[in-house]
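Trainee: This is the structure, below, for whatever I ask next.
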Amino acid sequence: MIIKNASHEITAVKPIQYPVTGFPEIAFVGRSNVGKSSIINTLVNRKSLARVGSTPGKTRQINFFDVNGEFYLVDLPGYGFANVSKEMKASWQNLIETYLYSRKENFLKMVVMLVDIRHSPSKDDIIMYQWLKGFGLDTLIIANKVDKISRGQIHVRINDIRKVLQLDDAEKVIPFSAENRFGLEKVLAEFDNVLSIPGEEQKD
């Protein structure tokens, strides 16, 4: 996949505001400090398409980004942010749940769940992953911040993530770095696989 252009399409807080173009969608979820916005910017080769907040937990809406005029990357609110009220957490959960329910049948092709490769998945990560699988959604795990560990530790950390999340052999975990683009081509290849956009040829 070659990403030629990307732009912010719309910010939504309820289904009536979602895009109506019919484009397929790939959604991103992750803890509020995992670098979700930075990963999206790296994938589309833009420095500030998705806004990187100075305070974790900044994303409180759903942001749709048009990629190549063919599909959307969807930035969902971060979870696991401690310094917010229970009411706010419930509001964000409802925002995510409403999106998943309304888009999973016709638009949502994959959910990308982001974790920090340096640490074992948290209780919130485990709950989120089980929740996504309960929806029957195709889920890809991206283990970000691989630039913060040695090459020799990558395999060890990936195995730990697989064990904690109880992944089967068919479920993929891709080590990634938003800083140096490590793993970029593998992630884009996964996007090719699920999108099957006419005229696109999968590249190694």
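Glycine too: its Cβ is placed from the backbone N, Cα and C atoms.
Source: prediction; values computed, not measured.
According to Swiss-Prot:
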type    : residues                              : note
DOMAIN  : 22-197                                : domain 'EngB-type G'
BINDING : 30-37, 57-61, 75-78, 144-147, 176-178 : GTP binding site
BINDING : SER37, THR59                          : Mg(2+) binding site
Trainee: Where does SER37 (Mg(2+) binding site) sit in DSSP terms: helix, strand, or coil?
Mentor: helix
Trainee: With SER37 (Mg(2+) binding site) as the reference Cα, tell me which of the binding-site residues GLY30, GLN61, LYS145, PHE176 is the closest one.
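Mentor: With Cα distances computed to SER37 (Mg(2+) binding site), the winner among GLY30, GLN61, LYS145, PHE176 is GLY30.
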Trainee: Near the Cβ of PHE176 (GTP binding site), how many other Cβ atoms are there if near means within 10 Å?
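Mentor: Cβ-Cβ neighbours of PHE176 (GTP binding site) within 10 Å number 27.
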Trainee: Could you tell me which three-state DSSP class GLY30 (GTP binding site) falls into?
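Mentor: Note: GLY30 (GTP binding site) is in a strand by DSSP.
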Trainee: Per 10 Å Cβ neighbour count, which of the binding-site residues ASN33, SER37 ranks highest?
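Mentor: It comes out as SER37.
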Trainee: Can you check how the pLDDT averages out over the domain 'EngB-type G' (22-197)?
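Mentor: So the average pLDDT across the domain 'EngB-type G' (22-197) works out to 89.
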